[in-house]
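Participant: Can you read through this structure? Questions will come right after.
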Amino acid sequence: MEEDRLVFETSKGVEPIASFAEMGIKDDLLRGVYQYGFEKPSAIQQRAVLPIISGRDVIAQAQSGTGKTSMIALTVCQIVDTKSSEVQALILSPTRELAAQTEKVILAIGDYINVQAHACIGGKSVGEDIRKLEHGVQVVSGTPGRVCDMIKRRTLRTRGIKLLILDESDEMLSRGFKDQIYDVYRYLPPELQVVLISATLPNEILEITSKFMTDPVRILVKRDELTLEGIKQFFVAVEKEEWKFDTLCDLYDTLTITQAVIFCNTKRKVDWLTSKMRENNFTVSSMHGDMPQKERDAIMAEFRGGTTRVLITTDVWARGLDVQQVSLVINYDLPNNRELYIHRIGRSGRFGRKGVAINFVKSDDIKILRDIEQYYSTQIDEMPMNVADLI
């Protein structure tokens with residue numbers, strides 16, 4: 001398998017841009033990005049946004065979990081002209097879920113610029129697609145089969161399309177979409193910008209890039225930016241949900257030795273836990289996606305500056321942030337999917353900080369915990385009594 005993977009280097013001259021504000025994107029789009037909960041661009045966003053919004057063809061080798069979907073959303077929203085109701089950007093994805101997720105992120109990030117996007121996917125009514133497309137959208141995110149069908153019916157008009165994005169291209173090819181991708185491409189205007197994103201680059205992908213692209217910028221983003229190395233991971237078995245709170249109170253003195261982040265799965269749980277901790281005279285701060293950006297910025301600044309030591313939050317925080325001085329993370333709730341686990345407790349290898357993660361686990365969570373262990377080939381042991389000495 002490995003022989004057909006080329007050694008892939010990032011093109012010379014691709015400089016990472018450390019903040020969204022320096023990317024030259026529209027102010028209202030920047031508002032949408034912050035509102036969505038991003039604070040700092042991920043590695044792929046730092047490298048790919050600028051070449052794409054300046055009109056270059058781009059090949060990005062990146063896996064899921066690198067922030068590629070929001071990178072796509074950001075660039076598409078920057079490029080389209082929302083005053084025109086023509087389709088200007090087309091994104092093809094291998095699965096309905098990914099296409100729908102991409103549409104959601106575009107609508108969320110593009111909220112203040114009033115972008116219109118629609119997911120053209122199998123399993124939804126063709127009538128709905130026709131209605132939406134005739135009403136006018138600037139962006140279509142879809143699966144190759146349905147998009148091809150809509151183009152052939154002349155419902156999806158292609159003359160205004162200036163950007164084609166092929167997401168998870170290797171996955172599209174392995175699902176047998178090659179012919180449909182070529183079919184769609186044939187209908188698109190000749191002056192087309194093409195962006196291809198793929199975790200692997202087999203020869204079939206390189207064939208697409210040589211046929212569809214001119215002098216592409218190459219960007220390689222390894223997912224190993226986040227690592228569990230150097231992080232001691234433990235679990236505490238709690239019989240009932242109510243017992244988690246007592247366990248947390250017992251651990252509070254340990255938490256405040258350093259700074260700690262406590263993750264809950266819902267905003268309601270964050271609010272509930274924060275007020276319950278305060279009722280019991282514990283000092284904590286909290287943050288989640290429903291708070292106004294100003295308030296979130298203030299809370300983050302306090303936490304970064306060390307004025308507050310314990311932060312209770314949802315996954316909004318996990319995705320876009322890198323507070324390296326946090327050496328203790330508590331999963332009050334285990335994350336809903338295993339990718340989020342590394343976003344919550346992983347460290348970027350560059351800093352190589354040591355850390356401790358403690359997972360509160362009810363008996364019905366054991367299976368999820370084992371699944372996480374297996375997925376990351378890591379070991380999560382029962383928490384020892386002297387956990388304070390490890391921090």
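The backbone N, Cα and C atoms fix where each Cβ goes, and this holds for glycine too.
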Participant: Tell me which range among 18-46, 47-75, 76-104, 250-278 Swiss-Prot lists as motif 'Q motif'.
Facilitator: 18-46
Participant: Looking at 167-170, 207-210, 239-242, 335-338, which stretch does Swiss-Prot describe as motif 'DEAD box'?
Facilitator: 167-170
Participant: Take the Cβ of LYS68 (ATP binding site) and count every other Cβ within 10 Å, whichever protein chain it belongs to.
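Facilitator: Excluding its own Cβ, LYS68 (ATP binding site) sees 23 Cβ atoms within 10 Å.
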Participant: Which residues of the chain, 6 or more past the ends of the motif 'DEAD box' (167-170), have a CB below 8 A from one of its CBs?
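Facilitator: For the motif 'DEAD box' (167-170), the nonlocal Cβ contacts are 64, 68-69, 72, 91-94, 98, 102, 196-202, 205, 208.
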Participant: Using a 10 Å cut-off on CB atoms, tell me which of the binding-site residues GLN63, THR66, THR69 is the least crowded.
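Facilitator: Checked GLN63, THR66, THR69; of these binding-site residues, fewest Cβ neighbours within 10 Å: GLN63.
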